[in-house]
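Note sheet for the following structure.
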Amino acid sequence: MVNAGDMNGSGNLMDFLDEPFPDVGTYEDFHTIDWLREKSRDTDRHRKITSKSKESIWEFIKSLLDAWSGWVVMLLIGLLAGTLAGVIDLAVDWMTDLKEGVCLFAFWYSHEQCCWTSNETTFDDRDKCPRWQKWSELLVSQSEGASAYILNYFLYIMWALCFAFLAVSLVRVFAPYACGSGIPEIKTILSGFIIRGYLGKWTLLIKTVTLVLVVSSGLSLGKEGPLVHVACCCGNFFSSLFSKYSKNEGKRREVLSAAAAAGVSVAFGAPIGGVLFSLEEVSYYFPLKTLWRSFFAALVAAFTLRSINPFGNSRLVLFYVEYHTPWYMAELFPFILLGVFGGLWGTLFIRCNIAWCRRRKTTKLGKYPVLEVIVITAITAVIAYPNPYTRRSTSELISELFNDCGALESSQLCDYINDPNMTRPVDDIPDRPAGPGVYTAMWQLALALVFKIVITIFTFGMKIPSGLFIPSMAVGAMAGRMVGIGVEQLAYHHHDWIIFRNWCRPGADCVTPGLYAMVGAAACLGGVTRMTVSLVVIMFELTGGLEYIVPLMAAAVTSKWVADAFGKEGIYEAHIHLNGYPFLDVKDEFTHRTLATDVMRPRRGEAPLSVLTQDSMTVEDVETLIKETDYNGFPVVVSKDSERLIGFAQRRELILAIKNARQRQDGVVSNSIVYFTEDPPELPPNSPHPLKLRRILNLSPFTVTDHTPMETVVDIFRKLGLRQCLVTRSGRLLGIITKKDVLRHMAQMANQDPESIMFN
């Protein structure tokens with residue numbers, strides 16, 4: 001505190017804000033941060049550290065520690081995210097197999113681990129081994145027959161219901177924020193919105209546990225989206241350990257952007273794809289420094305997951321594939337058709353899912369989340385079990401659909417009629433006519449495709465962790481594999497057609513159906529999320545094949561064009577709007593010819609703007625104004641007559657300042673004058689201590705004139721991340737425009753309900 005001198009008998013004046021007090025500069029829940037202020041505060045902090053570093057060796061070491069803290073946080077995020085992803089993968093593998101049977105000598109082994117460690121397993125019967133027993137074998141000593149099938153069917157459903165019920169109960173009781181994908185909320189948080197608890201420790205713990213349960217239950221959802229949320233929770237936890245990040249919301253968001261990259265890195269084993277995903281899809285502010293740190297976090301996370309080796313194939317993902325056949329120009333046509341299918345599926349899914357989620361929010365359905373999860377799980381399990389392509393986990397299904405048919409494959413999809421005279425290397429098997437197994441697989445895949453399309457619409461958005469990447473890829477992979485087999489058989493039976501003659505000779509390995517599955521998966525994922533560059537990079541990192549970039553690019557671009565023709569929103573933007581988050585999308589264009597004066601408050605006929613004056617209001621006046629209004633801040637003017645703008649004071653900081661002044665400063669009472677000037681005002685003798693609040697005043701609030709086009713105002717809000725902007729004419733205050741006013745105006749211009757832009 002500073003002695004400000006003696007004035008008119010009022011004794012010692014104190015500007016108690018010369019010392020910082022607790023909670024200053026923090027934000028309330030469900031409010032937007034001020035990016036410019038956070039940036040300015042970090043610059044001041046950095047300047048102070050740099051100047052102090054020249055004073056002593058200890059201060060120099062502290063400045064080095066501060067500089068390295070960012071890299072330390074990235075290292076910790078990568079290690080924890082990679083470890084959690086590995087544990088989740090191992091647990092999901094075991095619990096998915098637990099629905100069908102158990103390993104007798106070590107119950108914690110999955111089916112594959114159990115059989116590969118057994119000495120009695122032969123290569124031909126590698127899926128059957130004495131050590132692994134289905135529940136019917138264990139309980140009634142029968143492996144075949146109707147009674148064994150019914151018992152296995154019943155226990156499959158019971159395990160699925162048990163896992164799903166446990167998951168939804170944990171989410172509901174301990175961490176309501178652990179539900180959903182998490183990516184819409186993370187996009188909103190990274191744009192500057194505060195949702196306290198969304199990235200908390202309980203959310204991290206419950207989301208990790210319930211993610212294992214819901215994926216194991218067999219529901220049509222993936223773990224990839226929620227892994228981004230898990231990684232961001234890790235980022236939030238570690239950033240709270242360093243004051244550089246915990247006290248600056250802008251810096252914290254740089255860490256969260258890098259954590260999102262680490263999440264995708266471990267979800268798909270695609271570190272570069274993760275960095276591009278963070279840049280293209282989730283981040284709002286992404287400086288070059290964050291790009292390097294994201295790259296490092298993604299690298300450490302991928303390395304950690306590779307060390308754990310959850311799939312036992314020395315790869316980071318279950319569906320890593322290698323193809324040996326090049327693609328041909330004539331195949332671009334079916335690839336583009338798959339892109340069209342992906343775009344149409346994306347549009348259908350977004351519209352139906354949003355309609356269902358809106359119904360859930362506005363009807364009684366939303367009051368029974370546990371019942372909804374149980375019903376959807378029961379329907380999924382009952383329909384999924386009879387079909388071998390829906391019974392297995394979705395990741396295993398995608399893995400099988402992506403696979404090229406080698407000589408050692410036992411899948412139905414590889415049941416071709418072989419030529420007994422064939423003498424070829426194992427990796428170059430020529431195209432062959434389809435056998436009965438392939439035709440059986442085709443109609444089973446067709447049924448599985450319809451089932452997946454329908455059930456995913458109802459599953460995504462329930463009160464459990466639910467990712468969308470894997471179900472979308474499964475839909476595309478099934479459609480792609482069927483198209484691939486069709487093209488392969490067409491080329492085999494009609495190799496003399498003009499389109500096949502140049503590149504497909506009899507006895508040659510022309511068409512790779514697995515490649516079509518991969519292209520279809522990319523197309524459907526692109527149609528739903530509207531990703532392009534990051535999607536292609538993720539897909540080629542998955543497959544390790546640079547050769548197939550052009551087919552993937554063609555499908556991804558076609559899919560985006562087709563989906564954009566029906567609506568510009570991806571699934572995450574659609575959910576942001578459904579929930580009413582104040583998210584100003586950088587991709588949205590504003591082309592209307594309105595002015596700042598059309599949007600600012602107060603409008604004509606409304607009460608005048610609530611303002612503070614620089615030296616004529618008492619503490620009681622300020623407290624009354626705060627109590628009677630719910631605004632986040634107040635412009636400060638010279639006087640109510642002149643309305644010349646001085647600065648802007650935040651509501652939260654006014655409350656904290658007055659509360660602290662009453663506790664720590666003698667003589668501050670309700671009729672003390674509050675002043676925002678450098679020097680105290682002239683006061684009559686024996687008047688109470690005035691209260692100086694200049695330190696909390698923002699002396700350079702962002703202002704525009706009343707004739708500024710709204711197109712410019714929207715651009716300013718987007719690029720500078722403003723909370724509010726004051727409207728003036730010749731230095732005189734006219735009104736204020738907040739971020740929500742901008743969002744409401746944009747909704748109004750797009751013929752939408754402006755009141756939907758309210759966080760609920």
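Note that Cβ sites are derived from N, Cα and C of the backbone, with glycine treated the same way.
TrEMBL entries are annotated by machine, without manual review.
Panel annotation: around the transmembrane segment (68-92), residues 208, 211-212, 215-216, 223, 227, 230-231, 234-235, 238-239, 241-242, 244-245, 255, 258-259, 262-263, 265-267, 289, 293, 296-305, 307-311, 393 of the same chain, lying at least six beyond its termini, place a Cβ under 8 Å from a Cβ of the stretch. According to TrEMBL, the transmembrane segment annotation covers 68-92 (among others).
Taken from TrEMBL, the feature transmembrane segment covers 153-175 (among others). Long-range contacts of the transmembrane segment (153-175) within the same chain, counting only residues at least 6 positions beyond its ends with a Cβ under 8 Å from a Cβ of the stretch, are 95, 98-100, 135, 200, 202-203, 205-207, 209-210, 213-214, 216-219, 369-370, 373-374, 377-378, 380-382, 385, 391, 462-465.
Non-local neighbours of the transmembrane segment (195-215) in the same chain are 29-30, 84, 87-88, 91-92, 95-96, 163-164, 166-168, 170-171, 174-175, 177-178, 182, 185, 188-189, 221-223, 226-227, 229-230, 232-237, 256, 393, 464-466; each lies 6+ residues outside the stretch with a CB under 8 Å from one of its CB atoms. Annotation source TrEMBL lists transmembrane segment at 195-215 (among others).
Look at TrEMBL and you will find 227-243 (among others) tagged as transmembrane segment.
The transmembrane segment annotation in TrEMBL covers 255-279 (among others).
The transmembrane segment annotation in TrEMBL covers 332-356 (among others).
As annotated by TrEMBL, transmembrane segment applies to 368-385 (among others).
Annotation comment: TrEMBL describes 441-461 (among others) as transmembrane segment.
Residues annotated as transmembrane segment in TrEMBL: 468-487 (among others).
What TrEMBL records for 515-540 (among others) is transmembrane segment. Same-chain residues lying 6+ beyond the ends of the transmembrane segment (515-540) with a Cβ under 8 Å from its Cβ atoms: 264, 268, 270, 272-274, 276-277, 279-281, 321, 323, 325, 327, 334-335, 338-339, 341-347, 349-350, 398, 401-402, 468-469, 472-481, 483-484, 487, 546, 548-549, 551-553, 555-560, 562-564, 569-572.
The domain 'CBS' annotation in TrEMBL covers 600-664 (among others).
Taken from TrEMBL, the feature domain 'CBS' covers 697-755 (among others). Per-class residue totals from DSSP over the domain 'CBS' (697-755), listed helix then strand then coil: 24 helix, 19 strand, 16 coil.
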Closest-packing stretch to the transmembrane segment (468-487), where packing means Cβ pairs under 8 Å, from 227-243, 255-279, 332-356, 368-385, 441-461: 441-461
Counts of helix, strand and coil residues, the domain 'CBS' (600-664), according to DSSP: 24 helix, 17 strand, 24 coil
Mean per-residue pLDDT computed across the domain 'CBS' (697-755): 89
Cβ-Cβ under 8 Å with the transmembrane segment (255-279): same-chain residues at least 6 beyond its ends: 70, 73-74, 77-78, 81-82, 85-86, 186, 189-190, 199, 223-225, 227-232, 234-236, 238-239, 245, 285-286, 290-291, 293-302, 304-306, 315-317, 320, 469, 531, 533-534, 537-538, 541-542
